[in-house]
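This report concerns only the one structure given below.
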Amino acid sequence: MVGLGAIRQVSRHRQALMFALTTPAMSSKVVTRNSVLFLRVSCKQCLSSSNLVQMRSLADSKQVNDNVEKIRRGESESVGNPEDLPHFRLPAVQSASEKASKSTTSAGKKEMPPIGTYVLPHPIWTEEQLHEVKVTHKQPDCLVDRLAYRTVRLFRGGFDVFSGFKFGTRNEKKWLNRICFLETVAGVPGMVAAMMRHMTSLRRLQRDQGWIHTLLEEAENERMHLLTALQLKEPSTLFRLCVIGAQGVFVTMFSISYVISAKFCHRFVGYLEEEAVKTYTKCLEDIDEPDGPMKHWRTQPAPDVAIRYWKMKPESTMRDVILAIRADEAHHRIVNHSLASLSKDEFNPYKPGK
Ligand SMILES: [Fe+2]
Ligand SMILES: [Fe+2]
């Protein structure tokens, strides 16, 4: 059991460190490298005996409420040294594209780093975490929640028709069309929300409470889903036109909605991610079915970009990629449901890469 004093001490160090790391330009004090290091050491010492809360979770109503309660009690994780995050570790495997890149460089040609070389910190899932993801639903609690849920259900229905999932049998072409299109849309909310909060911080001359990095990480994570799926698909002109049209409409609508109600937008994304988890679970069923339309993804090698991004084993398959993407979507689900349940001035409990 952690005493109240220890929790307060942890909270003080954590908030001071987050402040020092995230808002140096906004601070009235000069934060030196030494003071950051001191805070980091202090935090490590006082956290070593604490029960830290694993923030990754499912996202039904009870779990979202429990999560928000823990966040409000200050029971969230400490800020890790960026060099200790898995993202910054030397890759365990050297992918084929990396080898190709090195050999190209040694041959004196222009160096072209492989996709995924420059990415923000993001969770690397364990085998256990990949398989514990479940389809869940958070019951709407208020009018805003109900509105967000109805909007998502409407989008889902329309998208099932648009992607051909309502008719005929599913096949690889339909799956790739659906995944690629879905991910071009899914990458929008995090970027728009991050930009809105960034602008608000600049305009009001106030700190952001640490939300921006989580939102940017989400946007990049969705874009990496897209880049991974694009390794298997050559988009047609019609597909590209549909993406441009959808982006124009969705960016405009989401931006206006975020100005009116950030709560609605995060709840909307929470419900959108519930649907994404359902979709990827359905994809796994199609892969695992003995004569399923996607059974070849059980043995089809994972693209290099996926092996690099999720730090997967070299022998990983497309099935492993879908498991990793589904775990990411489940993470966005609890993050956005939690952010929707917090006031926009509350502290973001999700640390970089968590
Ligand atoms: Fe995604
Ligand atoms: Fe997502």
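Just so it is clear, glycine is given a Cβ too, placed from its N, Cα and C backbone atoms.
For Glu329 (Fe cation 1 binding site), the same-chain residues 6+ apart in sequence whose C-beta sits under 8 angstroms from its C-beta are Glu273, Ala276, Val277, Tyr280. Feature annotation from TrEMBL assigns Fe cation 1 binding site to Glu183, Glu222, His225, Glu329.
For Glu222, Glu273, Glu329, His332, the entry in TrEMBL reads Fe cation 2 binding site. Mapped onto three states, the DSSP output places His332 (Fe cation 2 binding site) in helix.
Feature annotation from TrEMBL assigns compositional bias 'Low complexity' to 95-107.
Look at TrEMBL and you will find 92-113 tagged as region 'Disordered'.
Of all the binding-site residues in the record (Glu183, Glu222, His225), the one with the smallest CA separation from His332 (Fe cation 2 binding site) is Glu222.
Checked against ligand 2, the binding-site residues His225, Glu273, Glu329, His332 give Glu273, Glu329, His332 as the ones with a Cβ under 6 Å from it, listed in sequence order. Annotated Fe cation 1 site Glu183, Glu222, His225, Glu329; additional same-chain residues within 8 Å of its Cβ mean position, judged by their own Cβ, are Leu182, Ala186, Gly187, Asn221, Arg223, Met224, Leu226, Ala276, Ile325, Asp328. Annotation for His225 (Fe cation 1 binding site): same-chain Cβ neighbours under 8 Å, separated by at least 6 residues, are Ile179, Glu183, Ala186, Ile325, Asp328.
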